[in-house]
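Annotated in Swiss-Prot:
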type     : residues : note
ACT_SITE : Tyr247   : active site
ACT_SITE : His255   : active site
ACT_SITE : Lys286   : active site
COMPBIAS : 128-144  : compositional bias 'Low complexity'
REGION   : 119-177  : region 'Disordered'
Amino acid sequence: MLVVEVANGRSLVWGAEAVQALRERLGVGGRTVGALPRGPRQNSRLGLPLLLMPEEARLLAEIGAVTLVSAPRPDSRHHSLALTSFKRQQEESFQEQSALAAEARETRRQELLEKITEGQAAKKQKLEQASGASSSQEAGSSQAAKEDETSDGQASGEQEEAGPSSSQAGPSNGVAPLPRSALLVQLATARPRPVKARPLDWRVQSKDWPHAGRPAHELRYSIYRDLWERGFFLSAAGKFGGDFLVYPGDPLRFHAHYIAQCWAPEDTIPLQDLVAAGRLGTSVRKTLLLCSPQPDGKVVYTSLQWASLQ
């Protein structure tokens, strides 16, 4: 059972698996409203949580696909405990990262020492080959080899002297400690500690669910459910002057075909609004869909296009 947190009339889904299940199995897309963990200072691409329209949340609750719960409020009495737990986890993470950084630096140092040793051996072998090539250069080559061996011996002696001193300097084995400014902080995309949440009844009006019983919500929901049962995907259409955008399939694959406007059967539609909505829909290559539920439960649809703009 998927969980949807509701607070002040906003229904949020926090789990990535739940978002995927809603889109693939139930045809409910919602819209992401959260900042990306790696790009918190931009809003061109958003991430979790997923915000559901009230009609989407109610539909999912009615068919038993999700459980609506009231989002837990922070308790000031537990604030100090939560802060202590957070600091402890941060310190444990710092110690773990410090150990991993020291291990990585030590591995790199060993790799460099191996390369230095290989280079010294190759240089010595080259000098030995050059010394046996001609007897006329034997004296000079042997003298150069002695000088190189002397310098290499001095360098290795210095390294041997530096080795014990660095190992005795501290537990870091000569590796600089990781500064706290380099600490990687994990940005949680879900609640790290479980909390108790009480179920929310969408049939009863409350602070978290103020939509129950409102005529506008009941009108929109009846039309939303009818279109959803016909296999359409729906999303909000505020910027297109409608109630819903109607897609023939997943919005990631299709453009919207209709701009749905919800009207009660007894409502009168001003001619100016009707013309404006028709012109707007045609200009964005969509058809205006006038939707009105009937007393028998059926929904009547009327499509409208502005022919002069086609």
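In case you wondered, yes, glycine gets a Cβ from its N, Cα and C as well.
Residue density at Tyr247 (active site): 20 other Cβ atoms are found within 10 A of its Cβ, drawing on all protein chains shown.
The Cβ of His255 (active site) lies under 8 Å from the Cβ of Tyr247, Arg285, each of which sits 6+ residues away along the same chain. Neighbour count (other Cβ atoms within 10 Å of the Cβ, all protein chains): 20 for Lys286 (active site).
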